[in-house]
Amino acid sequence: MSLKLNTDLLIILIAFPILWFAPAGLKSYGLYVVSLWLVMSIAAMGLNLTLGYAGLTSLAQGAFLGIGAYATAILTVKAGWPLPAAFLVSTGLSFLVGVVLGFPALRVKHHYLAFVTLAFSVVVFLIARNEQWLTGGVFGLANIPRPTLFGTDLGGGLAFYRVVLVVTLALTLVMWWLLHSPWGRAFQAIRENGTRAASLGVDIRAYTLLAFAIGSAFGGAAGALYAPLVEFIDPSPFALSASFVLLLTVVAGGAGSFFGPFVGAFFSYMLPELLRATGGWYLIIYAAVVLVLVMVSPTGLLGLIDRWRDHQSQRKAAAIRAAARPTLANGAETNPKEQGAAS
Amino acid sequence: MDQFLQLIVAGLATGAIYALAAIGFTLVWQTSQTINFAQGEFVMLPAILVLTAAHVGLPMWLAFIVGSAAFILLFGFGFKRFLVEPMQRHGVLPLAIATMALSVLIKEAAKNGFSAEAQHFPSLVPDGSVSFLGAAVSARDIAIFVVAVAAILGLQAFITRTRTGRTMQATAQNPTVARILGVPVERMILLTFLINAALALIASYLISPVYLAKFSNGETIGLAAFIAAIVGGFNQIRGALAGGFLIGLIDNLAAAYVSSAYRAAVPLVVLVVVILVKPEGLLGRKEERTV
């Protein structure tokens, strides 16, 4: 397979070294915030596949974040597993749960699917809160270990940030490959017109389940990084509102655009930290900005840029047309019948 | 048996509140395809507005009037005019997402602008219990039930008996045909939003003395209202009514007989079963776009 060097890959290649070196001067809180941005970008990337590319409205991504985080915490703290193994198992578990949750998606769509996934989120939250023997209940699970590599401790703020960055890079490349594979095309075909996709031989059942499961696996992977990042988890960050915010993140960034999740997560998770100086008001500002954004541009921030670009190219095209008008006008005059048919 | 009867009465009272919210929810869905994720916050807010007005120094009766008027103006008229109308052409999902953002906005504004603590809200009915079929049941529950049912019956009478009500119903069933027949469709849609706000207002004044006025109240009520609307049938007022009572009863009975820790999960399980088995709801009509 020859990899055509397209803009998306180019941006990834340029961004990676910048992101590797740039935060080196940050203090531990700054590093935490940037790491959180990457972790949430992974979760949003998964939801972007489910919602933006496959068109399935899910309000369960926060729950998958929780499943990944709790699975990792339980495996490392209680069973003493190394973090990489726990990461893989958490991701796999989220994938399997995603397949199961995908089954309702075969029957219902749009807001009905949103409500089924919403119910799932609430149930996951209740389990995390009530099953104290497993999850520690409201007291949570503490002392989640950070990784080591060949005896090197990767638990420092900067080292762990770089671990998160490498995992993010790997998952971003997986997502890029997925979207450019026949699978990715099939997801988009289902979103655009399910019936037509089916008539062209796309197995809608299998691809709907896959879209859900892969999106969920990304959520689980994000959770598996979230747990060692914060080192202590309790049920509250995985409540229903987490799923709401993740959905807003994807939409604000631009559902169905490749870097939308990163832009959206910057907006939803880093901006609030920067606005912390405003006290409790930052969520109000955030919600108001999202509200205005969705109203002005339902295709998100990147959609806004696309629209601006379209507008520019339209103006350019209009200028070219204006320059070419004399010849066009002549053509139209010589063939009045065609002109009538066109209007 | 005594406990069972008390639970039934309490269930009918909460169910009546859920029904009020669910009916408003289905009304705005029918006329303008708006899924209002802020419905729970709509029920939470009026009580907060009244308390804010009272806090400024207004006497209680005036605070009620000011709070109610402000709420209906902002979230009946304003919601329709400044949020739903511009968003409608983009389709169901962007509008639904805008209402999600609105719900966060209202909740956080209530938390920061008013109070993060639960506040006492004056009850219109004295606290106490009355004897009913040999069991002591809360007078407040009965009052809530009576007021809510009276409001719903009033709405039903308005819709079926008056000319305006029937035109509104026609708009809900088929806006295009209604427009051809000369119905002022826009005005009728606005009317459903005003009715929605009024129902939320009544629900708020009924529930706040019991749950206390708190910014986070909307979460539970909103969830219950969605579930009630879907379980009963998204496109039917009587569906939302039946769904409301059903969820209220299930909620209270599950807390007592199943598990108090998982009481919130039981209505959700009912919801998922209904969506998977009969997506149009127990009393609903089939709609092509739902599946």
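We count from 1, first residue shown onward.
A Cβ is built for glycine as well, from the same backbone N, Cα and C atoms used for every other residue.
TrEMBL entries are annotated by machine, without manual review.
Keep in mind the model is a prediction, meaning the values are calculated, not measured.
Features as listed in TrEMBL:
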TRANSMEM  A:7-23  transmembrane segment
TRANSMEM  A:29-51  transmembrane segment
TRANSMEM  A:63-81  transmembrane segment
TRANSMEM  A:87-105  transmembrane segment
TRANSMEM  A:112-128  transmembrane segment
TRANSMEM  A:159-179  transmembrane segment
TRANSMEM  A:206-226  transmembrane segment
TRANSMEM  A:238-271  transmembrane segment
TRANSMEM  A:283-305  transmembrane segment
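Sequence-distant contacts of the transmembrane segment (A:238-271) (same chain, six or more residues past either end, CB-CB distance under 8 Å): 8, 11, 33-34, 36-37, 40-41, 43-45, 47-48, 51-53, 57-63, 65-66, 69, 117-118, 121-122, 124-125, 128, 175-176, 179, 191, 282, 286, 289-290, 293-294, 298-303, 306. Using the rule of three or more Cβ pairs under 8 Å, pairs at least 6 apart in sequence, the transmembrane segment (A:29-51) is not in contact with the transmembrane segment (A:283-305). Taking pairs at least six residues apart, the transmembrane segment (A:112-128) and the transmembrane segment (A:7-23) share fewer than three Cβ pairs below 8 Å and do not count as touching. Here the transmembrane segment (A:206-226) has long-range neighbours at 36, 39-40, 42-43, 45-51, 53-54, 56, 58, 60-61, 63-72, 86-87, 90-99, 101-103, 105-106, 164, 167, 171, 175, 178, 183, 186-187, 190, 233, 237, meaning same-chain residues at least 6 beyond its ends whose C-beta is under 8 angstroms from one of its own. When each of the listed stretches A:7-23, A:87-105, A:159-179, A:283-305 is scored by C-beta pairs under 8 angstroms to the transmembrane segment (A:63-81), A:87-105 comes out highest. Long-range contacts of the transmembrane segment (A:7-23) within the same chain: residues 30-31, 34, 158, 161-162, 165, 169, 172-173, 176, 258-259, each at least 6 residues beyond the stretch ends and with a Cβ under 8 Å from a Cβ of the stretch.
Through the fold, the transmembrane segment (A:159-179) approaches residues 8-9, 12, 16, 19-20, 23, 31, 34-35, 38-39, 41-42, 45, 49, 53, 87, 146-147, 153, 187, 214, 218, 221, 225, 228-229, 258 of its own chain, all at least 6 residues removed from its boundaries and within a Cβ separation under 8 Å.
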